[in-house]
Ligand code: ATP
Ligand code: MG
């Protein structure tokens, strides 16, 4: 009981962080760069229809933040005084989702506008129906947050000050409750309220801090930064499926390598990829991860797609190498050792982040094909090339080659083999020497022993 009272008290203190100015500031149209042309038609439609129906409605979050920074928003979020049911009733093309946070998705072709109802602060509220709608675990983890409130309360429940800026399409003002505009100008990320409390409520906010810091090239303000390392292990309480989604967001925002560095710096990689971190600490190199992330970043810049299974194949590669080698050292033959290692690494990873089957299958195939790619004699190369995952495995091979992991020239060989015609292929295969010795099954050695 006393514990509960204490927690409640500390939450209240957190909510009233004295160092934080909570003064509403309205920035008129001629003092900011958010124009209607920078907002998508679907987002405008949602705002107008909600307003017309008598509700308050604002653009909020990344949509406002990214336009203010002269960037192009990834998507648009709307905050409104309408309840989820009221929003749903207004838009035939909408669906209610979520339990922890009930929100409405309004669908326009491929574009989804996420509409949330202003959230209130149930800690000030002792009535039972409210506490039923806002639940925290004994660690302070927010399990449910469906208490509705005013726009100002809504601003204070958001994560970073730069994410709590509202754009009003009626008078074109930007409304700032938490000093977000100043923080945008100073290029810094600052949590609203007491950082430790806010991270305990939702440890994923630590990952969001890293994601925005890398994406926007912002500094994390000292008080926001301070508790991260100590609280990083709290991420292990987050459902694995949510962490899988967050990992994808972290590494597909176009700044994967910077994100990776920050995750390491703040001890946040371990809760996401425990086996990888263990392998790296034991001396496994991470050059392949870096190369893969650099590749991913380049692909995103070129507007190309990035597949989750390729990303996970790279992130778990050091863990796989360590496990595979351990098994070979224990006397298991190379091929079964690989299969066992794959099963083990995936089995453990899904406890941390989950990997949906549609991704773990192809990831396995990419790994397995790495053993087949050096073996090209006879019909092998042609058979390998017909494998549905050949292309991804070949890309992976190129990344490994860039990371200095495979015999130089193997990637180039495959590049030429794909480009040439039938006669060219025959020639390439005959140059390999059909009757020559089989490729050596080389055992992998720890990086330190490579030159020995
Ligand atoms: P982007 O969409 O570019 O990744 P975003 O800031 O819009 O960035 P979303 O995940 O779309 O991020 O969330 C929209 C808004 O909802 C955020 O800007 C923030 O105000 C609020 N929000 C999202 N997640 C949290 C969270 N875990 N805690 C508090 N507020 C959050
Ligand atoms: Mg968004």
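Keep in mind that glycine also has a Cβ here, set from the backbone N, Cα and C atoms.
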Exercise. Which stretch does TrEMBL mark as region 'Disordered', out of 395-423, 424-452?
Worked result: 424-452
Exercise. When the domain 'tRNA nucleotidyltransferase/poly(A) polymerase RNA and SrmB- binding' (217-276) is classified with DSSP, how many of its residues are helical, how many are strand and how many are coil?
Worked result: 43 helix, 2 strand, 15 coil
Exercise. Least buried of the active-site residues 77, 159, going by other Cβ atoms within 10 Å?
Worked result: 77
Exercise. From the Cα of residue 77 (active site) across to the Cα of residue 159 (active site), what is the distance in angstrom?
Worked result: 14
Problem set entry | Residues that sit under 8 angstroms from residue 75 (active site) by C-beta distance, when 6+ apart in the chain | 62, 63, 111, 112, 113, 114
Exercise. Counting by DSSP, what is the helix, strand and coil composition of the domain 'Poly A polymerase head' (57-190)?
Worked result: 39 helix, 43 strand, 52 coil
